[in-house]
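*Asks:* According to TrEMBL, the protein carries these features:
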- 5-374: domain 'MnmG N-terminal' (DOMAIN)
- GLY9, GLY10, GLY11, MET12, ALA13, GLY14: FAD binding site (BINDING)
Amino acid sequence: MEKTLNIIGGGMAGSEAAWQAANAGVKVVIHEMRPKVETFAHRTGNLGEMVCSNSFRSDDHEQNAVGLLHWEMLQAGGLIMQTAYKHRLPAGGALAVDRDPFAESVTAALKAHPNISVSYDEITELPEDGLWIVATGPLTSGALAEAIQKETGAEALAFFDAIAPIVYKDSINMDVAWMQSRYDKGETEEERTAYLNCPMTKDQYEAFIDALLAADKTEFKEGETAGYFDGCLPIEVMAERGRETLRFGPMKPVGLTNANDPENKPYAVVQLRRDNALGTLYNIVGFQTKMKYGAQNTVFKMIPGLEEAEFARLGGIHRNTFINSPTLLDAQMRLRSRPNIRFAGQITGVEGYVESAAMGLLAGRMAVAELNGEVLPPVPNTTAMGALVTHITGGAEAKTFQPMNVNFGLFPPLEGVKGGRRGRKDRYKAYTERAKADWQHWLGQTALDAA
Ligand SMILES: Cc1cc2nc3c(=O)[nH]c(=O)nc-3n(C[C@H](O)[C@H](O)[C@H](O)COP(=O)(O)OP(=O)(O)OC[C@H]3O[C@@H](n4cnc5c(N)ncnc54)[C@H](O)[C@@H]3O)c2cc1C
């Protein structure tokens, strides 16, 4: 019987998934709603359209996690990366591309492939039969989003990204910060010390509020909602409502004793919560923000203990449809409740063109294996690809799951390599060397034979 894979959405993820599967001999149908149904951000009917910036970010595959992901995808014959290099524009260490020729080239390659056909239609239901990949991205059409929500429950599908900044734990000054859950709540020592706390004096708090109020902020783009929703107010909006609002909200100092200075009660406390199972990343609780990146870098470093903080990602709020992957997807990226449906791309809670295409590459390969009656072995979490997929399918905290860029905080630490800022260059080199060897090994193990 002919093996067919249906893919909903021909963006970064859907295009890459189709390419991978088609090259392995599987017949692929891409269902793309554009140009019939438009989104507020896409401009053309091309497959693989870049909706905003024209950059795939750093191309440094020795010192940068996204550069490493470029490298891994290229090793796997990825269409998105191959095409990006073909249409590269000068941009220093970044991989910027000429966006229209890039998308035209992706579209032409997919349409010319004998195993791929494109159907220009909007899919509005989760299909019952056959093998499918949903790769409809941050701007998934309303009807399909509703169908997904019906299947997963309202809580498990988000329409906005309300991201608090995420900090590398090893850049936090623990002579100032301390670990403690409010009122020492918890059954185990681990639970009682689950939060990382940064204390503020009155003067520090007042200066912080002044800086928040004065900071440069971005406004919602056209088509995005201008309203905020409950539980997701940006901190600067809270500060605008009154100088004490934050001290009675996310910065309340109650139930905490500064382990570094037990005699002095902090006037306010900023709490950070563990963001991954490895304990290498911490998010600043309740600090979703619309401050511009430059302002965030300055203002958040005013927090005692975070003076030298390095951010795995900064905060933001924008339109973004994504599912709670850690609870909904299995390790093969299948919807647990409907295993004939995989998810890939930004809708799984990764963030960015490269990460989305990477998850498409993996989902495409997993689907091929399934059609061949096989199961792909887990991708080592020492690789950029593996670190990302491990994060979304279980490594991330499900309760506070927010979209994630690839970063070295997702990688298991290396024994015997110096931590902190000083050891960074050597550490990243060691991470990328380990990743490359492990990725090559995995690719060799899972070589896709044309079926
Ligand atoms: C406004 C905005 C700006 C962004 N800027 C950047 C940036 O500068 N850099 C960056 O790295 N990332 C950016 N992103 C994130 C970016 O969208 C993703 O990184 C990437 O495009 C996601 O890839 P994807 O394949 O998951 O989704 P997309 O590339 O969006 O592809 C999804 C496809 O599915 C189609 N589709 C949706 N619903 C249906 C349906 N029901 N039936 C059929 N087809 C459907 C859409 O038309 C689209 O072609 C931005 C996102 C938004 C919304």
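Each residue's number is its place along the chain shown, starting with 1.
Cβ atoms are placed via backbone N, Cα and C, with glycine included.
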*Asks:* In the three-state scheme derived from DSSP, which category covers MET12 (FAD binding site)?
*Replies:* helix
*Asks:* Which one is it: of the binding-site residues MET12, ALA13, which Cβ has the fewest other Cβ atoms within 10 Å in this structure?
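*Replies:* With the binding-site residues MET12, ALA13, fewest surrounding Cβ atoms within 10 Å: MET12.
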*Asks:* Within 10 Å of the Cβ of GLY14 (FAD binding site), how many other Cβ atoms are there?
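*Replies:* The answer is 31.
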*Asks:* Counting across all protein chains present, how many other Cβ atoms fall within 10 Å of the Cβ of GLY9 (FAD binding site)?
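*Replies:* GLY9 (FAD binding site): 30 neighbouring Cβ atoms within 10 Å.
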*Asks:* Other than GLY9, GLY10, GLY11, MET12, ALA13, GLY14, which residues of the chain come within 8 Å of the FAD site, judged by Cβ distance to the Cβ centroid of those residues?
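*Replies:* Here the non-site neighbours turn out to be ILE7, SER15, GLU16, ALA17, GLU32, LEU47, GLY48, ALA135, THR136, GLY137, ALA344, GLY345, SER356, GLY360.
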*Asks:* Do you know the mean pLDDT across the domain 'MnmG N-terminal' (5-374)?
*Replies:* 92
